[in-house]
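Q: Before we start, here is the structure in question, set down as structure tokens.
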Amino acid sequence: MPEEASGGSQAQPKAHQEEVGAQQAAASRQPVSSEGLSTAEAEQLLRVHGRNELEEKHTSKLLIFLKLLVMPMPIMIWLAVLVEAAIGNWVDMFILLLIQFVNAFIAWYETTKAGDAVRALKASLRPQATARRDGVWQTLDAAALVPGDLVLLASGSHVPADCRVNEGTVDVDQSALTGESLPATIRAGEPAMMGGTIMRGEVHATVEQTGKHTFFGRTATLLQSVDSVGSLQRVLMRVVTVLLILSFLLCGIVLIFLLARGERFRDALGFIVVLLVASIPIAIEIVSTTTLALGSRQLSAQGAIVTRLTAIEEMAGMTVLCSDKTGTLTLNQMVIQADCPTFAPGQSRASVLQAAAMAAKWWEPPRDALDTMVLGAADLGALSGLRHVDFTPFDPTLKRTEANIQAAGGATFRVTKGAAHAVCSLLPADNAETVAQVNAKVEEYGRRGIRCMAVGLAEGKGPWRMLGLLTFLDPPRPDTRDTLEKALGYGVDTKMITGDNVLIARETARALGLGTRICTPEGLPSLPASGRVPRDLGVSLAPLVLASDGFAQVWPEHKYLIVEALRQAGHGVGMTGDGVNDAPALKRADVGIAVSGATDAARASADIVLTEPGLSTIVDAIIIARRIFRRIAAFLNYRIAATLQLLLFFFVAVFAFEPQRYNPQWPSYFQLPVLMLMLITLLNDGTLISIGYDRTVASPRPERWNLRQIFFMASVLGLVACLSSLLLLWACLDAPNPGSAFQRLGLPAVEYGKIITLIYLKVSISDFLTLFSSRTTGFFWSSRPGGLLLGAALFSLSLSTVLACAWPAVTVHPNIPVLGLARGEHRWGALLVWIYCLAWWVIQDALKVAAHSVLIAFNVFGVRTWDTGKGAVDGRLLGIRVDVDADGTPAAPLTQYTTAQGVHHEVEAGLTDLQQAYEQLHKDLAGARGADERRTLEQHLTAVQSMTNQINELTADGVDFLETLKQEFVADMRQLHADLMDWCQKKATSLTALSDRTQDTNQRFEKAQQETRSLGVDASAI
């Protein structure tokens, strides 16, 4: 397993590897064996040893709350509290403390709620184990295992406890324990440690230690893997960093300016500290985590359990879905067929079936779909006198099983079943004719979508001979084609990656509408011996992957490299699978999805585990993920705009507006009381928690983070809101002067205390109205907000308005008078601010729409391309080329190519049918086509060429082109069919008329002959 696929476990110290080796060596000196336990014995041992579970590290809720008080953002508030205390601003200090604890409580509540939700979902993914109880093999909760249990360790399953192998050989991935990337071979009498994954083989083992007494349990603290930072965390860190730098820069400039102007250090520092705290995006991570947690609950309701929250956000940007075939795209329910070609004398379908059953453990429950099919059709009673001497279970690299059988008389022979090419590779060199016959049959059946399983036999140590081919079908799931078409409609291209035969894969792909360009491993690179993945796969391999519809007959390392190549090329890659051979690719993909019924290895490597059969849940997950992405993007857009509005407003106000210049009794610079600033922050953050419940529409194409676009749009919103606030401040300060805006409007001047509350209410209202503008790229009414978000915003707006109206007449530090708008004279202030804010909201929203239109029109910041950081990926979805020679015939076959989205599958069938129709028409009319028919054909070709040129001009935003394309093809085909039928009808009419004339001529000739005979004239002479 490559280093990347082992979860970073290669960083384990060498001493730790040696400790594992010593543990295994010591245990190997104490051989133990078991034939299984009874239920009563197991229950008694369970009371003694406890459940087979590790003691999960659980952080108390009190400790979580305390940690929230010492995170980077709260530390900024603590510093502000210390500064306010140092300068003696006790009221401001207590206000900041109140804000600190209120924010911490909100964060604690949402964090613990999200954590409880994720733990509840993970609880449903408890590993299972196959153990022998009461003489019967049963599937149990692995936590119920006890020392002395007899368990079955098979490929794809986890080692459920510290066990000792009773017999046989098995390869175990112990990278989580030792850091070794290569699997270790465990033989009879040797221990297999809990935490390993069976990569190859199938054996019985005896449980020796469980739970915290296992080696894994004793060293669990050393095995903590460090989660990689997801794209969402990187985006949040970049946003917070930019806002913090901007806040410190502007606040530092203001502080220097105030000190240079002669303001008291105490007052200036107190103002700057509070402004800095108000501009800090305290709730940015809380809101994001809460939104993702809500999304995970929505996904669980759809049958998708999320084990890594950030995978939701990454699924929103998924552009390519690599999917295993068997059990994922198909039912994995094999239906055996009556056809059974045989290649050895005396063999029949029944004898081939019996040999295939011998190549499985027929006395145990079937391990997979193939064994279920074979054992269900074979006569198992005839095998009663046989026993396994040795057995090699299915291996994804060998692609076959093998058993060494001993008959009742002592004679031994070997049987094998598996992929035809794998069994053919065992045949002697002089069996070339048999190999050719087998390959011909496999190809013949493959074209019909029928799979083949070869069965071979060898007497003793003699050469292998081919017995026959069992034929069967693994039909696609009924909903798979519809699911893939829907995924395609959302811009997610599906690539089939399977180890199955290329012909079967091609037929399955054709039936599912995936396309038939299925490649084989030839030309694919191999993983180097060092295990290090080449860094040029995005250049060398990705174009081949994108140009194909899938790969067949691949090994697990090929799946891994295909996924890595797409990731290096900048694509968001999803991988679905169910087997141990899919586990490395599942772990490497941006979004690993284990389907229903997946092995333990696949489930452990996946980010999302499906609990319902099929892939239909994936489309629901894509829609939910993109809605969540929109919510987080809207929140970031708003939070940046709100910070810019607040910072720039006070920055400009300090430099441009000096209240004392308008009235000597007023302060020397404008500022809001600490309580008002903190109320703005608290009400905003409290409202934003509800954004996780907002109503959003999923994007029709994959999402991506374009921070330049987000910052630009947020700047437009923030600058408009800031400008409107500055204009209102200027108008209020200038109101007493002759010719002021207030006087021209017939409004009286207001006292300074009401100017403070006017600006407080203006900033509060603008903030919440900006929230509704930031939700959409169109006008604010284009998307109705969620009920909870709307209710929270209306509550906060109402509370802000009431507070602004009822604020008592007080003077706060440092000498800032405050007066409620509904107190004293002129009580119309609140109404005026509301009208003013609503008018500017319309202007703000219109400028937002105009700015977004400019970005789209000129592709500013690459909004129409996928700039992944590794080169921009063209967003054009499909291209078609039709070249026409002078005589109107196609110069080359119709071709199609794909780029980022690869949605050619939707119309591939139409393209193929159209090409075949034209070829057939040219062939049939080559000798008899007249000028009219040729002119009609040229018109059709010209129409198709014009239509395809229009398609090539579509941008990625033109996602509705698919339906238009279908309609054009349908219309063109109908017209072509009508023209062809009309021509055929004309020819048929002509032939009928000619036949009638010929028959009439013959009749006349016969009549003339009769007349000449009656006259005695020799007709031959005539």
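Cβ atoms are placed via backbone N, Cα and C, with glycine included.
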Q: Using TrEMBL as the reference, determine which range in 1-35, 981-1015 is annotated region 'Disordered'.
A: 1-35
Q: TrEMBL lists transmembrane segment for one of the ranges 338-360, 407-429, 545-567, 752-774; which is that range?
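A: The range carrying the transmembrane segment annotation in TrEMBL is 752-774.
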Q: Under 8 Å, at least three CB pairs between the transmembrane segment (752-774) and the transmembrane segment (826-843) (pairs 6 or more apart)?
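A: The transmembrane segment (826-843) and the transmembrane segment (752-774): touching, yes.
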Q: Please determine whether the transmembrane segment (87-109) and the transmembrane segment (669-689) are in contact (criterion: at least three Cβ-Cβ distances under 8 Å, sequence separation 6 or more).
A: yes
Q: With a Cβ cut-off under 8 Å, give me the same-chain residues at least six positions beyond the ends of the transmembrane segment (710-732) that come close to it.
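A: Same-chain contacts beyond the flanks: 242, 633, 636-638, 640-645, 648-649, 652-653, 656-657, 670, 740-742, 750, 755, 758-759, 762-763, 766-767, 770, 773-774, 777, 833, 836-837, 840, 843-844, 847-848, 851-852, 855, 860-861.
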Q: Per the definition of 3+ C-beta pairs under 8 A with sequence separation of 6 or more, do the transmembrane segment (235-259) and the transmembrane segment (636-657) touch?
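A: Yes, the transmembrane segment (235-259) and the transmembrane segment (636-657) are in contact.
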Q: Averaged across the domain 'Cation-transporting P-type ATPase N-terminal' (14-89), what pLDDT does the model get? Just tell me the whole number, please.
A: 70
Q: State, in range form, which of 636-657, 669-689, 786-810, 826-843 has the highest count of Cβ pairs under 8 Å to the transmembrane segment (271-294).
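A: Stretch with maximum Cβ contacts: 669-689.
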